[in-house]
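Some notes on the structure that comes next.
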Ligand SMILES: NC(=O)C1=CN([C@@H]2O[C@H](COP(=O)(O)OP(=O)(O)OC[C@H]3O[C@@H](n4cnc5c(N)ncnc54)[C@H](O)[C@@H]3O)[C@@H](O)[C@H]2O)[C@H](O)CC1
Ligand SMILES: [K+]
């Protein structure tokens, strides 16, 4: 395998939507911007103006039919009639008809509150009924000025949540990346009350109450229907434990100079979001006009057993979807007919089997060396009786994806206890555990449930492998400490067989990368992102209950044509 790889993606100039920052890093980036001369107030106006525009587009968009005010979900005020039916409504009263959508603005003590107050002012001037809830006596100077101006306009401001009138939409400007400690009453109970209302809440920067870095709930947190993350993606928004609070996350790009980002994070930030652009810049697409099947990669799949034939088929279908030129699939002899019937284009290698129907020995076609393939993917459906096979592929010198029983066999003994006999492989090795397999492989690593990123990074360093930890937000790390996070997925993929499809897809992409002289390591994130997007599209079209693994393989080739999907 030629080791002179082109610049791998993680060495190329980064795009803003790939950057992921901690609160401290965001502070350092903002400090550079302010030091360069932009007034804090000017940036707040710019940022909050962008937020207000998105809120108007999304929630208050004129011209849509389905509303009582002639506008979008809440519409624009059709008239500037006085309030209908007398006094302001209160939480819990019977809803009273008002002539204008009511927007509640939750204002915290810091600049997150300042952002929200600028939004309040902008919506007010567009004729919306705006109400402010701000329980804090001490506000930052700029925030205090904005509050003073809002009140001078006659916008009602309430200290207690009970006084806030019933609203159609809430804007959460309580806390952003400045949240430092657990929330206490009255703010905590106010948030709990707001969460119990069936009113959409838009959070500015972070849902208030979530830790900016870990996504942990500090006491309680706003359950946002939409989170507008400001400038650079915050790490906490990408953590599994935050997901039920974040709602739909969207980046509000306020033109942070890339130079400032690189000054703080370096040219290749350690943690990156996997985006459509970053994936498309690495996939073996478009294909050369002149090519042939052996130039499009040759993948060897080693999978299946008499007990688990389906895993072999699904892995093969995932590999097929990758576009790999040649596909060989080693299975127990008794599975050969069914594999041929599902994958007529593949070379099915029937192997001698154990009493239990596992692969007893890799019997490749004569004169075929294991290292003559471009890549191997091994594990789905193997059962633990195939451990000699896994040992054999570990000794190969070509890129290897290990999944499912390949990982369970590897975990005996665990990697941290001298596992992976023969030490760290020189060739690319990708481990693709789910949480349970991860804990078996790395029993003494920090609990992957609470800090997945640190756990995966440590596992990659320990094993020398690229480790992909599956989850609502799949996390990938290599042994140099680079981390990729797949920012979107769907619970529709939480089904048997989804992982088998990913293994085949990833193996097929890696095999093509090898023949195309593309950085094979980049195919791990590309495969995970592609797999998730196919699941999302399938769920959109067939509901979250309609994405069985076979259907998923059909959507793998459809989703790349849907270039209109969000550029993540
Ligand atoms: N810096 C800027 O000009 C811009 C900031 N952006 C927005 O502002 C926030 C960050 O602002 P900051 O004032 O640093 O923090 P917060 O608004 O999040 O306020 C936190 C505030 O509250 C205090 N605090 C922290 N924890 C608690 C707690 N548990 N209970 C009570 N009070 C707490 C703390 O002392 C802070 O003062 C950022 O998210 C953006 O929304 C602009 O968008 C860009 C310009
Ligand atoms: K917020």
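Using N, Cα and C of the backbone, Cβ positions are placed for all residues, glycine too.
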AMP site partner of 470, 471, 472, 473, 474 (as recorded in TrEMBL), chosen from 496, 497, 499:
499
Residue from 134, 144, 198, 208 that TrEMBL also lists as binding K(+) with 112, 172:
208
Hey, for the K(+) site built from 112, 172, 208, who else sits with CB inside 8 A of the CB center?
106, 108, 113, 116, 173, 174, 175, 176, 203, 204, 205, 206, 207, 222
Under 6 Å from ligand 2 by Cβ, which binding-site residues from 112, 172, 208, 470, 474?
112, 172, 208
Taking ligand 1 as the reference and 6 angstroms as the Cβ limit (strictly under), which binding-site residues among 112, 177, 181, 205, 434, 471 are close?
112, 177, 181, 205
How far is it from residue 115 ((6S)-NADPHX binding site) to residue 499 (AMP binding site), counting Cα to Cα, in Å?
42
Cβ within 8 Å of the mean position of the Cβ atoms of 470, 471, 472, 473, 474, 499: remaining residues of the chain near AMP:
240, 434, 469, 475, 486, 489, 528
